[in-house]
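All remarks here apply to the structure that follows.
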Amino acid sequence: MELHILEHRVRVLSLARPGLWLYTHPLIKLLFLPRRSRCEPGFEGTDWGGLRCRSGTRCKFFSLTETPEDYTLMVDEEGFKELPPSEFLQVAEGTWLVLNVSSHSGAAVQAAGVTKIARSVIAPLAEHHVSVLMLSTYQTDFILVREQDLSVVIHTLAQEFDIYREVGGEPVPVARDDSSNGFPRAQHGPSPTVHPIQSPQNRFCVLTLDPETLPAIATTLIDVLFYSHSAPKEAASGGPGSSSITFFAFSLIEGYISIVMDAETQKKFPSDLLLTSSSGELWRMVRIGGQPLGFDECGIVAQIAGPLAAADISAYYISTFNFDHALVPEDGIDSVIEVLQRRQEGLGS
């Protein structure tokens with residue numbers, strides 16, 4: 001197996017709902033104009049009538065996830081430049097690097113979810129106190145780690161993976177450091193916090209789209225993301241079963257599109273353009289966290305992915321600024337809740 005450290009340097013942000021109006025225009029540019037193809041103010045290059053012009057890529061890593069609380073943005077440095085600072089935009093400290101696991105076969109298959117890397121990546125990083133964020137897409141699973149933790153990540157995973165760093169689009173092998181002198185070994189820290197879980201009643205679809213047909217759904221996508229808001233039916237805090245919540249995730253990463261939406265929202269889109277697996281499987285959500293989770297706590301993903309992997313349950317996992325979300329097959333939601341509740345009881349005892 002290979003672990004690739006991609007070239008993206010990502011910032012993680014929270015956009016408060018009351019400030020959405022201020023960011024609608026830059027977000028639409030990132031959604032539908034990923035490449036700069038005309039003169040715009042502030043560009044470096046040839047001067048055309050007072051406009052500084054250049055061609056190039058606006059953003060290669062863009063993810064926007066709407067939750068009841070806010071919008072979470074994960075964007076690379078080029079995309080980050082498009083977002084003006086304001087009181088509505090909260091930026092997580094530090095820069096995050098993006099890791100991706102691939103098999104030697106290179107076969108293009110739909111992602112099986114975070115559980116396939118639970119034992120080999122998620123658990124070892126948690127043991128070494130590395131905080132991770134996860135972004136599962138239709139195509140693959142991305143692991144985000146703080147740039148400052150990269151040396152720990154490489155040391156921790158070097159025995160399990162051939163590690164490459166993408167440089168100019170080409171994979172460059174990362175030298176293994178076989179010496180562990182002076183390197184902090186995994187230690188038993190305090191017991192992990194037991195986070196409550198909730199399962200809203202939404203039935204979700206995981207979809208993709210040919211980027212060439214993105215303009216055909218532009219009006220609907222803009223309406224769903226920015227304008228057609230009703231009062232969200234937030235998940236109740238009294239137990240794992242609750243009413244529906246607002247959740248919509250869109251990512252455009254290296255030219256590949258992934259969308260997560262509930263089945264009711266999907267009805268607004270042209271059915272012939274959105275692509276899903278041949279089974280057309282629907283998914284249910286497990287939402288992790290009663291209070292905002294923060295970025296310094298380690299092992300949150302492992303608490304969920306580990307038990308699901310042990311039970312051989314596939315899952316997608318999407319971290320947001322305040323909470324984490326696992327998507328599991330609809331027909332297995334009851335067993336998933338049971339597995340995770342047993343895990344909670346074990347941690348809490």
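All positions are counted from 1 along the displayed chain.
Glycine residues also receive a Cβ, built from the backbone N, Cα and C atoms like all the rest.
Annotated features in TrEMBL:
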| type | residues | note |
| --- | --- | --- |
| DOMAIN | 9-89 | domain 'CASTOR1 N-terminal' |
| DOMAIN | 93-158 | domain 'CASTOR ACT' |
| DOMAIN | 195-278 | domain 'Cytosolic arginine sensor for mTORC1 subunit 1/2 ACT-like' |
| DOMAIN | 279-342 | domain 'CASTOR ACT' |
Model confidence over the domain 'CASTOR1 N-terminal' (9-89) (mean pLDDT, whole number): 81
Residue distribution over DSSP helix, strand and coil in the domain 'CASTOR ACT' (279-342): 24 helix, 17 strand, 23 coil
